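J.: Straight from TrEMBL, here's the annotation block:
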- 299-369: domain 'J' (DOMAIN)
- 22-41: transmembrane segment (TRANSMEM)
- 47-63: transmembrane segment (TRANSMEM)
- 100-121: transmembrane segment (TRANSMEM)
- 133-152: transmembrane segment (TRANSMEM)
- 159-176: transmembrane segment (TRANSMEM)
- 182-201: transmembrane segment (TRANSMEM)
- 213-235: transmembrane segment (TRANSMEM)
Amino acid sequence: MKNSQNKINNNKLPLDSPKSKIQAYFWWFFGGILGTHHLYLERDDQALIWFCTLGGYFGIGWLRDLYRIPSYVAEANNDPNYVNRFKNQIRCETKPPFGIVRFLGAVVVSYLFGNLVYIAIPEDEINGINFKSFIIFVPLAVTFGTWLVGNVGREKGSIWLSLLVSYLVYPTLTYIGDESTWIGLMVIATTLAFDTFSKTWRFKKKQKRSTRFRVSIFCIAAIIYGGLWSSYFYFNATLTDSEGEEIKLSEAIKHFLTSPIYLDLKASLEQTWIQAKHQGFWATWRQLIDLTDPRGELNAYRVLGLSQTASQSEVTSKWRALSREHHPDKVKGSLDERRRAQERFLDIQQAYEILSSAKNRRQKKNKKSDIEL
């Protein structure tokens, strides 16, 4: 115990200018929801947690920091009163006691990281490459979340035992089947292993790093985190239209730029307001989804010059006529004219494919309904 106290005493005086409560509260107010006050106090682990969870689970931790900042500042400055309290604590408890806030924080963050890696893996092949094998990184993400929370402040712990436990749980996916339950089991096992066997007191403050280095590491971590969310939204996220069909968000955004709600915003907003007054929120929400033209059907009718009530035979007839009229081989003009003709021809083909697919999808849905009846 004397050696532990000597370690604390050797690190008693700060080597740089002391941290200020006023500045800490300033950064708490301006950007604290993203962890800026923790970066100022050199609590980089906690800053990253706040960034990833929007202020410690949507602002709960950020509000808690309102009365915790004086303690954080005292710790950062090695305040004598704080050091004495810490000495007394380690005299009474050789190991950090169980803390419900830290434990729940570890559960939330590790589940967030593990689930994020899982949902960020593209479900479909990309250029013939299947990324499903990347699921092997889910246990690593879960363990990192547990370890990150476990190393905040005056507590620390090794990552290796938790990583081993996490990968021991990994094969159970075959038997459990449900990914959410599987990740949840992994989170509980990993967090309990860290809390029971790995955590200990941090007698010496972390090695001093330059501000540039610390901010660089934080930014790299933030970019990785944002990249995972981007992968999820681009490759896997879906919207549900009024027919109950799911559409990839990336496709919906592409078609949104040619949708009625974008091309005629004022009329669309008026239509949405009338819908909201008469049919309620969820009907209005479905109407908004339809107005964004997530499948591109409305734009397809516009490209072919048809109304939305046109029959499939009319669609086919119009497609054939436009294909003959705008076929690139008929254009003998400049390179730019041939390019525009090629683009117009491709738009016509895509419009026909979209409307034909929509008809086939509705026919299958109607047949299924008839069978159920």
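Placed from the backbone N, Cα and C atoms, the Cβ positions cover glycine too.
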J.: Between the transmembrane segment (47-63) and the transmembrane segment (213-235), are there at least three Cβ pairs closer than 8 Å, leaving out pairs fewer than 6 positions apart?
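T.: They are in contact.
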J.: Taking the transmembrane segment (213-235) as reference, which of 22-41, 133-152, 159-176, 182-201 has the most Cβ pairs under 8 angstroms?
T.: 22-41
J.: DSSP-wise, what's the residue breakdown of the domain 'J' (299-369) into helix, strand and coil?
T.: 58 helix, 0 strand, 13 coil
J.: Residue list, the transmembrane segment (100-121) vs rest of chain: Cβ under 8 Å, 6 or more residues beyond ends.
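T.: Distant contacts of the transmembrane segment (100-121): 49, 52-53, 56-57, 61, 131-132, 134-135, 137-146, 148-150, 152, 155, 179-180, 183-184, 186-188, 190-191, 194-195, 225, 228-229, 231-232, 235-236.
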J.: Is the transmembrane segment (133-152) packed against any residues at least 6 beyond its ends, judged by a Cβ distance under 8 Å, and which are they?
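T.: For the transmembrane segment (133-152), the sequence-distant neighbours (Cβ-Cβ under 8 Å, at least 6 residues beyond its ends) are 43, 45-46, 48-49, 102, 105-106, 109-114, 116-118, 121, 159, 162-163, 166-167, 169-170, 183, 186-187, 190-191, 194-195, 198-199, 202.
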